[in-house]
Every structure is written in C-alpha cells, then in structure tokens.
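J.: So that we are looking at the same thing, I have put the structure below in structure tokens.
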C-alpha cells in the first residue's frame, strides 16, 4: 500500500453552479423585471443591457427542482466522500436569494419531499451507500454543526456551549481544526436528521425588509465518515513473523498466476548460464507481482480512511439602505458583510490567473474566521462546489452582478484533494512494503524459493528493532512516504527497456528492483535523461544500502551463535554484489548515451511536427476560404487557382516523423548493441517529445489557429501596411548607418588635414629655431674675432647668406602651408556643410524611425483590437444565428400548427355549410307547410279575436283584410324566428331518431293558433318597437365599446409610464432614487389596478348588452325570414324611425343651448363669481329695473340650464331661436320672458373677491354734449397729429398702415338690423361696456317686434325681450399703440355685477357693464374663443356711450373726457402730464399718500438686507408660504423666514443667479445664471441639497415650470426643456430644435394653454404647453426688448424697454347697434372710430354708417338728432348691406378664433425700462428702472404709484397677502394693503 494520491486532473477546480430563484411575490407586486437571460443548451447567463456573459459549470433557472440540483452537482461529491476525499458545498449570494432553501439547513418538519434541500438528500444518499458497503467495510459516521455569529464560533450541538466561542487552531501540516467542537456519532439517518434539526433551530435568524427569515450567521454542517475494510490491519504494531507469514501467503496465492507470463518478450534475450535464467525467472515473477498489485483492491490499499463533507450556508450580503437595519441587526449586517468581503478577497486572490506564471501571491486567509475555516475548501484538500444563488429582479441588479463576478472568478481556484488515510495505518503499510522488498531481494540473490527464505528467517532468533525503518537509506524512506499508491500499478510490458550485454541478457538491475516502484518507467527514463548524476548516485547508494542491510542479520547471529548456512550464503553474495555494482555503473553510462540519442530524436520530431502543423494550418485556411467564398457563379480559373494552392502545399517535401526516429534509433542501437522494443518506443518518444502534455496544447493551438484563419484573412491590408512600415524602418536605419559612415569619413579627413597643418607648422618652427641658432653661432664667432677686421666683412656676408637662406626656407614652408590651407579651404567648408546637413539628416531620420515605430505599434494595437472586435462580432453573430435558427424552428412549428388548424377549420366550415343547406331546405318545407296550415285558421280566428286586440281602437271592417294580413305576417315572422332558433334542436332530433317523421319537428295547429293570437295581441308597430329596442341596445353597446377603448388607452399610458420609470431606475447610473421609484411605481400600479377594474366592469356590461344586441347577419336573417306582405310595413317603419331620429337630433342641436330662466339673485351671483352676464331688457328707471330683476330672479330657481355648444355657428342659431321664441311669447301672453344663454366652460380658480358692495355694476352713459367744449376738439387734433407721425414711423420701420380707409372721411354708416345685431352679438363676446341705440324699426324682423309699439324712451313696458349673456364669454378688445391712453370707465355702481342690454319698444338697446376698480380684485373672466376681425377703441366706445341720453341723472364723473381734463393720470403719455412725475410736489404727494389710512393703498411693511450685490430674482414657495428665496449678482441664493425676517440659509451658485422657479409637485427648485448651468435643489430636505447640475449652451436668463416640465430661456435665443421625471437629458421638442427668437430670452410665463416668451428681438411668441409647437406670434411687436410677462386669467401683460405695457387678450366681435345718437360731437367720435375700421371691411359701400371699433363692436351711428342728410342716407340704405355684413362676419369668425390681439397699450408706463410685472390680488404691478412700483387695474385704465426703492426695481413676486420687490440697491421690500 502507498501514501495518499494527489489528484491533478481538471476536476480539482472549484465547480460553480448558478441557481436563479423565481421572482418573489413582493417583486411581482412591484412589477420587477427579470434581468438574467439564459443561453439555450449552454451553462451561460447574460446580464443587463450590456449583455455581459458569464459561463459556469451548471446553470439552474427559476423552474429547476431540488432533485435536479442534487443529481447534477452533489451526487458525485458523495461518491468522492466514500473514496476518501474531502468535499465542500458552499452556498453564496445576497440575502433572500435562496441559499438556505437550497442547502436545506432549516428544519425538515412539514416540508414536502420535492422541496427538501441538499443536506437531507445527502443524508439519504449516504445511508443508501452505507447499506451497500456494510458487508465489506466498517463505517463510523459523525456530525458537527457550528455557526459563525458576529465573528464568534458557536457549537450548535453542544447543550453547554463555551462562553466567548470556540478557538481556531492549525496543525503542523497546515490543516485547520476547531478544538472543543462536538462530533456526535450517529447510527441512523433519523439521528443525523435530528442533529440537523436541533442545530438549525439553534441558529440565529432575524427579519429585515428584504427577507422576513434572514440568516444572521454563517452555518457549517459537517459529516465525518471513517471507513475501514474488514480484512485490513487496523493495529499500529505487528510482529515480523506475522508479517512474513502474511507475505508468504500472499506470494503463494499469486504463484498460480505465473504461467501466463512465460511468453514475455524478456525471455527472447539469449541466456547462456543459470544466473541469467534465474534473473529471467525473477523478472517474470516481478511482472506477475506487479499484476497482482494492479488487481489489488482499493480496500486493501486504503484500509483506514477519514473523510469529511462540509455544507456551508453563508449569510447573505445586504445593504443597509435596503434592509433599514438598526441596532443589533445593523451590527450583524456589518459583521456578515465583513466576513463576505474577506471571502471575496480570498476568491479574487485564488482565482487570479496570473498566479500560475508569476510569483505566488499572498492569500489573506487570516483576515476573517470564515476564511480560516474555509481554508481547506478553497485552494486546499477538498473537492468544492459553490452554489451561487441570485435574484433575477432588476431591483437587485448590482448585487446579482457582483455575485456572478465572484462566482465566475471562483472557477479558476485550483484545489489539491488527496485521499485521507489514517497515519498509523500508513506507517504500517510502509513497514510492510519494506519487508516485501527485502524478501524479493533475498529471493533473487539466493536463488531460493520464498518458502525456504521464510523458513530460514523463522529459524533466526528475533532481535528488537528500533522504530526507524529497516532500510537505512533516506532516499528509500522518503520515496516510500511521499509517493502515491498508484505508482505500484504503472509498470507494464510496453514501458520496459531491455538491454542485452555481450554474454548475458539484462532485464532489470538488482538495485533497481530493490528500490520501491516510486514512478513508472516512462517518468524514470525522463528523470534519468535529465539528471544522470542523480540516477547514478541513487542506484549505487541503493545497492550499497541493500548490501549493508543484508549484512545486518549475520552480524547479529554471529554474536549469539555459530555460523549458520545463511551467513555463508550472504558472504558469497556480497562478493557477487560488488561485481554487479560495477556492471550497473556501466549500464548507467550506457543509458545516459541512449538518453542523449532519444533527446536528439525528440528535437527532430518536434521540428517535423511543427512543419506538418504549419502545412495543416495552410490547408485548413485554404479550405475555409473556399467554403466562405464558394459560389456556383465563380469562374473556372478561381477553382484552378485554388487547386494549385492545394497541390503546392501538398507537394512540399516532408519526412515522416516516425521513420527517421526509428532509423536513428536502430542505427544507434546497432552500434551500441542495444535493442529497444518498438512497442515501448512510441510512448517514450511522445513523452520526450512534448513533456508535460504539450502535445495536447499544440493541438489546441492548432484548433484555435484554424478557428482564427478567417480573422487572418481579414487583416491582409493591415499586414501589408505593417510590412511596409518594417521595410521603411529598415531603409531609414540603413540610411542612418550610411550617414554615420559619412560622418566617420569626415572625421578622418579632418584629422588628416589637421595633422598636415601641424606638421607644416612644426617644420616652420624648426626652421625658425635653426635660423636663430645659426645666427647666434655666427655672432659668437664674430665676438671672438673682434680684433680681426678682415673677418668682419666675412661675418656680415655669412650672416646675410644665412638670413637669406633661412628666409627662403621659411617662405617656402609658409607658402606650402598657405597653399595647403588654401587648397583645402573649400573642401573644409564643404565638409563642414556636409557635417551640418548630416547631423540634421540624422536627427530627422531618428525622428522618422521613432514615428514609424510608433505607427507600427499603433498599427499592431489596432490589429489586435480589430481582431478582438471581429472575434466578438463572430460570437455575437453566431449567437444571433442560433437564436434566428431557434426562432425559425419555432416559426415552422407554429406554421404547421396554423396549417393544421386551418385545415380543421375548413373541414368544420364545410360541415357547417352542408348542415346549413340542409337546414334551409327543411325551413322551406316548414314554411310551406305552415302557410298551408295558417290559411284556414286566419279566416276563423281573426274575427273572433277582434275584441281582444290591444291596439288603439277596434279594427274596422274596411281594413279587416289588412289587419288579417298584418297578423298573418306577424305570425309567420314569429313562427319563422322561432323555427330558426329551434333549427338545431329539430335537426338534431331528426338525425338521432330516424323513425320520427317530418311532421313531428313542425309546430302543431294548436301551437300555431296560440302564437297567432299572441301576435294579434301585440300592437301593430311591432317592428318599430323592435327596431327602437335594437337601436338603443346598439347605441349602448357602441358607447361601452368606446369607453372600453378609452380605458385600454389609459391603461397603456400608465403601463408605458411604468416601463419608462423602471428603465430610468435600472439604468446605470440610476436616474431615480429607490424611494422616488417606489412612490411613483406604487402610484402607477394603483392607477393600473383601477383601470383594470374599470375595464373588467365595462367588459361585463358589454357582454350583457352584446347578448341582447343582434348583429348584421342575424338581422338579415330575420328580415329574410319575414314574409313578403310584411316587408312593406317593415321598410315603412324603418324609414319613419330614421326620419324621426334625424328630426329629434336636429331639434336637440337647436335647443341644446337654450334656457329661459330668470337672472340669478345677488346671493347666487356671489356664490357663482366665475361668470358675468349681459342682460337685454327695456330701458326703465333704476328702481323698476331692480324690482323686475328681483322678480325674475325668483322665477329662475325652477328652470333647468341646458349645455351650450362651443361652436360659434351653433351659438348663433341658438340665440336667434331663443329671441324669436321670446317675441312670439310676448305677442301671445304680453308677458316678459327672459332668455339666458350661458356657456358651460371649465372653471378656473378665481381671484379673491371683496364684499358684495364692491361688485355692484355701474351704468355708463356719456355726458351731455355741452360739457365737452373745445377740449374735445383739441384732443382730437392732437390725436390726429400724433397718428400722422406714427404712421410715418411705421412706414419707416417697415410696418404697413392699418387699413386703406380714409380715417377722417369715413363712409356714411349703413343702419344695421336687429337680427344682424343679435346674430353678431351672439357669435362674439366683449369685456368692455357700451351703450348704443338703434331706431331703424323697419329693419327689425317681425319676430323681434314687440306687441306694444311706443317711442317713449322712458317706457317701462316689460314686454321687451331680456337677453342674458355670460360675461365669461366676452373678450377684451384690441388696442393699438397709436390710440389714446385714457380711462374710459366710470365709477357708477348701479348694477349688481352684470352687463345689461335694454331693448325698448323702439328697439333701443342699452348695454351696461360694471367697471373694474384698481382698489378691488378683478373679476375672473374666461374669454370665448372668437374672431379678431375688428379693432376696438375704448375712446370711440366712450364717445358712443356719450350719445345715450337715457341716463341723464348720472354725474359728470362718468364723463370720460371731463375726468381726463380734470384729473389726468400721472402716467399718461400726453405731454402736459408727463413732467408731473419728476416734480417735487408730486413726490411729496406720494409720500403723504404712504401715511394715509386707506386700506386699499400698498405700504412697505418690512425691508430685508443681506445680499452683497443687486437683487435679480425672487420666488415664493407656494407649499411653504413663509419661505422666500432670493437670488442676486453676489452668486448666492438666500432663504428668508417671513415670520422672523431672518436669513435661514445661503446656497452658493457658480455665477450670478438671474432666475429661480419652484416646482411644487416634485419639491425641487431650479436656479439659472451666468455660468451656463441650471442647478436643481431639493427644498424638502433640511439643507436644500443640490441634486444635480444641467449644462446649457449659453447663460440662463429666465426659468418657468408647469406640470412636469421645466423650461429655460437662454441668452443665445434658444430654449432647453427638461422633464422632472427624467432629468438626465433635456427633451428634444419643436421649441428647442427650431430657433424662434433672434435675441436673448428675457421673460417667460404660462397661460392655461400656452407658454409665453418675450425676447430682446421685441417679439412675443406663444407655444402650446404640451407639444411646444409655435401657436402665434403676437403683433404688433414692442419697439424694444420684452423684459417682463405676466398672466392674469389668460390675459397677457407685457412690459418692455420702450417704457410701455401692453395687454393681450383673445379677440372677439361684438355687434352693438346705436340708433339714437344725433350729436355733432359724436360725428367726430364716429370719424375717429372709422379710422380703426378693420381692413376686411374696407370695401363696405360708401353709404354705410357701419363702423367697427377696436373692441370689435359694430356701431351703427345714427342718432335721432342727426341732420337731415344723415337721415336720408339711413333711410335709403338697402337691406342687402346688413346681410352681406352678417355673412362676412360669420365667415370670418371661424378662421380667426383663438388668436391673441393687443387690446390695450400703455405708453410711458414708467420713466425708464419696465423691468418686471407681477399679479397681486387681481391687480398688475410693474417695476421700472426709474425705481418706482405702479399698480394697475386689469384694464390698465388707472394706477396707484408706490415709492419703491432707491435704485432700479429688478424683480417682483407676490403671495395672497404681500407683494415682494427686489432692487439693485441690495434690498427686499414687503408691501401690504
């Protein structure tokens, strides 16, 4: 037996199984989506939108069962447990992912069998295997259960646990154990299950928001198996005698099997002596013993094994923000996450693939107790399975992704499992092996049988042996202890190397046979090849050790007794052994030579293999290219070229790798007399060729290369470019080398030149020195001969000669030097230039080389990236192709199913058709038979039943036949219908009972008679009632169908919003927080449930009604079954019914909007302040009018108001019909009837109203003509001059003139009939108050003429019709900038908030309307969408009011022009009032007004100072009115507490804050400014945290929010729009994609329908609120930038830098008739009105007195006091003018609806720019650059001036009680009445 085996196969990797649980009920309720996708047929999953793919060993979806997981993953681990390996199952995942359910660590009581986890199934499986192995093994089972709670180890099976937990210890071999842990012995599966239940009940659990039964600790349940074969030794000591006897018994049993080895190849070697034959026999015996070892059972090799199975149920990771854990739960979660973090670090370190190639990395096992306990399971002695449990819900996306990453990384962990043998048993096996080895050695050396040896050994007295092994060689002991038991079985015939000497054969050396078989022959050869010295030394030491071990026994015996025969034998053998050792040394050297030879062969084979692999790859590339590019349309040349490529590759000369190897081997063997068995050569060559299994890796690489051959073909261009770069680099390097050589040549030339120069200079110096020396010698000689004068001359001559000589020589040298320098100067300069150029060239070449190499590296990187992309694309395409194939297969299956269904339906249809034909035939027979039976009955039954008929009146004799025929028809119809309904029944009975005759299926005579009597009792219009019933049912069905469709659409909207919300939440990064997502999803889910309930209810109702309704085929069938004589009656009833329905529909449309109630009382008016009305009533004193109103109001309570249609044409018809009916009633009853026309409109929230005394209306009349005087003429002259100037300015500025009418010479007005007036008045509405009369009685139709015709203006006759018109529908008129800026309203309060039109007997009409005062809230008016045809003029209307003389008792205060002359407003644009704004007296008056005790006057109550710069914007939180937000140029946003006046918080901004807005629904505030950003602040949080920042292309000037949208106006004239629900990116809308303004956006506001924008380009644009489509551009524009916009009740007010304020409203046409004005002054007003005549009416005939003012009012200006010429023109006017005007108005009304027009212009509203506008309590407040604040009434007719700030007013805002203003003087002021 041997030591434990190290398993090195692929199964040692940690196996990972992924289990995805199904969605929980909570997740389904939250409508969570599954984010985990599966790959069919592959253990892969795909996560998220990025399609991240993870591959595991096993993948189980939510539908997998527990049994599947056990069979696929766990069963093989149980088998490994009984083989002696440790096993571990590790459950990993987040909390609530199903780990405990999968492992089964909970109690098994009450759990169904199919839901049992892994542990209960393992227990059953273990005991099943124990039942099978109990006969051969002795098994002991133990269990332990522990938990790790808060880093404390607890024993779950110990009833008295240790305080503080159990420690962790480590053995010397690195194994971790826990001392004190209870290992309970279990003897049955019930005991083991009880231990599991008891431990699971003691485990710590808790409840969190994510899991109600969350495990709060890590649990490890362990099963320990100790198995011992029954026949194996279990004791730790045995005597040598028992060992030898057992060995001899084994040997004797094995000798019976030696015969089959007699023909071994070893016997073929020559054997010449006995020794050789003995050696062969011994070799045969060794082979047989090896075979015995091979067949030795596992039980005998592993006698005592202890293995463990660990089940680890980890606590799930959790996030505090999801679990909302606190206190102890929070501490538990922190400890759990800490342990799992350490586990993740261990997995990451072990799973790092670089550990195999780099330095081993530290594994942080000691960071946590959990990792220390799992040390053996992760990277140690265990076979481990990790079950990763995840949740598929998108809400757990991040946790699922992290779990998959760790699990995927765990697959790279390599374990080292070994068979766990008991160490005592292992030592015994070692001793047995040594004893057996010694016996074999003695048997070979002594040539004796094993029995003789045993007897000799038995006769030797035993001596105590020390515990050390018998063999003293440490190598032998180490080999025996370290090598595995399987090495004994690896010896085979194919691995034997037989070497023969000269005289004797050599099978196996004694030394090698004496060694234990530690390795197979393959590995031994390789080892000897690599380390021959070690082999030699080991063999020699082993032989010497064996000899020394053999000599120990004789030494013992010699000391105790005389020499025995055994000692003699041993002595002789020792000499032989010495000789054999020498022979072994020779053999070792010979094996070394063979090893070298085989290594050379291996190298050659490797090279040949590479060549063949290259050729194979080329062939596969060519074939793959042929497959990819194959097309039947290819030319023959293409195929020829392809075959040539094949032939060229195949014809390359190659040599078989086996042939040269065999040849070389045979050559070497023949030369060295060594014979190698060919059968053993091939595996040896394979091992030597590619050690370590590299052959398989090369094959794999070849496969990969084949798979990537397509990618290589795609990179041909890049390869060519790469080769060009390489060539370019080589060329540049050669050029650089050449230039470097040139530089060296230049250096050499320079050195030669310098050397030459130096030589010449040295020569010159030498000559000079020689000259000086010669002259010195001559002077010395001359000094010696001073006295000899004869020699003086000689010396002089000699000196001259020497001087000349040396001078000549010096000159020659200098000439040579100059010549050398001059000749080489050009060359030198040229060399210098060449040097400089070469250096530059070198630098450039080096730079080019660097650039080229960089390009090369970039290209290589690009090629790698492209290759990777293409591989990914191929994988994706392959997956898509597989998916498409699967879809195609599914589609084919569906098509086949549909075909089968179609065939079945065709067969069924054919069958039904045949049955129908048979039924028709039977029906015809029944009809014929019925007619035969009915005819004799009719003559008897009809007269006898005339008295019982239920019709209105008895049947006359004259038409008795008709009644009879009708009854007969009814009877036949009923019979046919009844027979048709019972057709199936009768036919079935006929087919089932063939004996029944045909007469049995038809009704009897008594039945027919009874049915006929029943039909005669029904009224004649039976078909009519039936048709009405069917029509009603079908109408109800259609209504329910439409309702159902609407509910479905609403549900689709909510579902779409829920999907968008879920995408926004699951996107990375998430756009919504969890709380926001839960809140919005809960709201959408509630709506969806509500819609489902509505849909279910509608479907039930529709089903009930559908059962009663007959469809078209059924109706046609009933009609076809009706007799011919009944058809005329049916057709007549149908046509009459259609006509009646059409007539009823027409009348309903006409009277749909008609109601005749009396006016409501004053109290009801106060309760319904959202609408105002016009009354048309006869003129009477005020007291009588009020009494009449009270009388009418009492009668109005019992009337019902009908709904009015929104269409203008329907409104005209309704008013005409109402007035005509009213006049007809006056003619009959001579009573006063009132017509009230009220349009039901959506009610908008109104302004706060004052007391009822302030709501009394005033009746306006013009003053007497004598009060006007010269002031009127002066005013008109000034208007005329001003108008001419403005017309010139308009022409210069590009504006066309208003109309082509001569303004001061208008045509003569044409009188307008009352019908035309009423038609036009009903078609339009107005908000201005006018009074006009008409006197042309001949033009009034008879239906409008009163019964009592009088001409007295004071007539109190109540017979005149009263028309009540809702003031909600009246629209304000349009003001042009050229009109007079005056107040035209008086202050009379004679009416109760109603506009009254009085019609007297002379058809004099007076219209009265209450004014609006700046001191009271403005009444909310909702304008009717009407046509902007005519331009209104309030001043002209005031002149028309002045012509009415009915209200002479009014004071002069109602005179507009008198008030204009007496009390001019300070902001009038008349020059004589402009200078008052700058006078000191005026300012003093304002200051005095500040202190007066008037409740309606605004005062400054508080001032805030805190900004370091000017105020730019203010905003008030509507949800929290006590908080004010301010932004300024100091880059701060300040929060002010309005209760205390304190600055609560400062919010910093990157730039000046120009605009603020608050969205109440989301609780967010948006700020914009000069840094091209929009910040979002959460004002609901305590610190107003900044949520996000949006980038904008330009600075933000203004912000506005409504609904879910936020709109920002930018400085570049564009807009940005965000949806609050998805604020990641701005929306792309028509507003943002198309430029609508050319200048900066200064201001924005919102109406009920439109988004209003004002810009620097002087324009105002209207966009639809939801679609952001341009609706209208307001004309005419301002003359400078629009700085501010305010909206009051959908009326738009705009302020501009041109110091004006404009009022814009929906335009309308109001036709007012005035027949009584005859004043010259009114002619002037008429002239002024004519100036503003609408261009569309410019073609009015010249004799028409019809004038349209700027309030869209048509005034027929013919008064009773006109001159005779005007009367003549009026009397001669044709009536065709009125009809043409009416038709033109009607036609133009529909084309110009919903258009905003300017109806008020306020020039010089301020002395400087109008910076801001604000609405407060129904008034308009404006702030200007002149530091003033002004308050205006809604009509901009009067104002109140507030002394504002010390500097420019920059912003205004308001609440219900206060007005807030901000200025550039850094102050905020609060104003209150």
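Quick reminder: no glycine exception, Cβ is built from N, Cα and C everywhere.
Note that the coordinates shown come from a computational prediction; the quantities given were computed from them, not determined experimentally.
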J.: Among 1712-1734, 1735-1757, 1758-1780, where does Swiss-Prot put the label region 'Disordered'?
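T.: It is 1758-1780 that Swiss-Prot describes as region 'Disordered'.
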J.: Tell me which range among 1150-1178, 1179-1207, 1208-1236, 1295-1323 Swiss-Prot lists as region 'Disordered'.
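T.: Per Swiss-Prot, the stretch marked region 'Disordered' is 1179-1207.
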J.: Taking the mean position of the Cβ atoms of 93, 94, 95, 96, 97, 98, 99, 100 as the ATP site, which residues outside that list, in the same chain, have a Cβ no more than 8 Å away, listed in sequence order?
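T.: Nearby residues not in the site list: 21, 91, 211, 316, 389, 391.
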J.: Which has the fewest other CB atoms in a 10 Å radius around its CB: 93, 96, 98, the listed binding-site residues?
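T.: Comparing Cβ neighbour counts within 10 Å for the binding-site residues 93, 96, 98 gives 98.
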J.: Starting from the Cβ of residue 97 (ATP binding site), draw a 10 Å sphere and report how many other Cβ atoms land inside it.
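T.: Neighbour count, Cβ to Cβ under the 10 Å cut-off: 27.
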J.: Based on DSSP, name the secondary structure state of residue 98 (ATP binding site): helix, strand or coil.
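T.: Assignment for residue 98 (ATP binding site) reads coil.
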J.: Looking only at Cβ atoms, how many others are within 10 Å of the one on residue 95 (ATP binding site)?
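T.: Around residue 95 (ATP binding site), other Cβ atoms within 10 Å: 23.
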J.: Taking the Cβ of residue 94 (ATP binding site) as the centre, count every other Cβ atom within 10 Å, in any protein chain shown.
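T.: Result for residue 94 (ATP binding site): 23 other Cβ atoms within 10 Å.
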